[in-house]
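These come from TrEMBL:
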COMPBIAS  11-24  compositional bias 'Basic and acidic residues'
DOMAIN    147-261  domain 'Phosphatidic acid phosphatase type 2/haloperoxidase'
REGION    1-63  region 'Disordered'
TRANSMEM  71-90  transmembrane segment
TRANSMEM  117-138  transmembrane segment
TRANSMEM  150-171  transmembrane segment
TRANSMEM  191-214  transmembrane segment
TRANSMEM  221-240  transmembrane segment
TRANSMEM  246-270  transmembrane segment
Amino acid sequence: MQSRSTAARIPRQEPENRTGDRGELPVPDRAPARVPGPTRPGLTGPGSTGPCPTGRDRGEPGWPPMSRRRAALFAGTFAVYLLVLAGVLLNTDLVDLDWSVRLLRPYERWPSLEPVLNAWVVVGQRGPSAIAAFAWLLWRARRLGRLRPLLVMGVALLLLNVTVGAVKIVTGRLGPHYAQYVGSPELFSGGTIFPSGHTANAVVTWGVLAYLAVRWRRTGAVIAAATACSIGLTTVYLGTHWVSDVLAGWAAGLLVLLCLPLLEPLVAVAEQRLNRRFAR
């Protein structure tokens with residue numbers, strides 16, 4: 001009979017979570033630790049901190065979307081512009097309306113208005129109106145400490161001159177005072193009358209001032225619209241433009257104003273670069 005000391009003993013099992021001679025716990029399966037490194041915007045993978053950031057995440061201006069209301073207004077205005085252009089090119093009833101007003105000679109029927117309207121039409125001329133607008137915007141830019149007001153006006157006038165100037169050169173229309181054939185649209189004759197530059201410039205210049213306004217934006221928009229309408233009608237009274245020229249000028253100027261919110265990112269980038277350059 002065996003003693004208790006020599007009885008069979010149940011072997012002691014070691015914990016399964018211990019391995020090696022020193023009984024260390026196993027390292028769980030996981031990806032190797034990432035070595036911290038400098039942040040590299042715009043990249044993913046080692047050395048980056050996440051997905052590629054967008055321009056807005058990097059502090060750069062994004063491209064603003066166009067609202068449905070603005071898109072509908074833009075499409076409608078552009079359609080009117082094309083209809084007026086087609087009406088002149090195809091010698092439709094719109095040209096007959098031009099000649100009816102031309103033969104009416106408003107400046108001869110109401111001669112007392114001519115001195116006043118001759119002075120008023122200067123408000124729509126590119127040089128005087130631009131000088132007055134830039135003078136006020138320069139004062140405002142210095143007060144705000146920003147170049148944005150000047151840049152917005154500069155971009156708007158540049159876009160206006162390019163778009164309207166191109167149509168003027170292509171159509172080559174003569175004005176009412178230089179028309180040679182009654183009932184003719186007077187196209188491709190070396191003129192630069194279509195669309196009306198006075199009208200389009202009045203829409204853009206005074207419209208931009210309303211666009212940049214903070215407190216009186218609606219009031220400024222009403223004043224700008226009234227000014228642009230009166231300038232267009234004044235050119236018809238003086239016989240310097242056809243009615244269709246004025247209609248196209250209103251549409252061309254409004255299209256430029258509707259494009260301004262889309263150009264704000266370019267204005268912001270230009271302002272940042274100019275600020276960095278002047279800060280050196």
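Heads up, the Cβ atoms here are built off N, Cα and C, so glycines get one too.
Mean pLDDT for the domain 'Phosphatidic acid phosphatase type 2/haloperoxidase' (147-261) in this predicted model: 96. DSSP states for the domain 'Phosphatidic acid phosphatase type 2/haloperoxidase' (147-261), grouped as helix (H, G, I), strand (E, B) and coil, give 84 helix, 0 strand, 31 coil.
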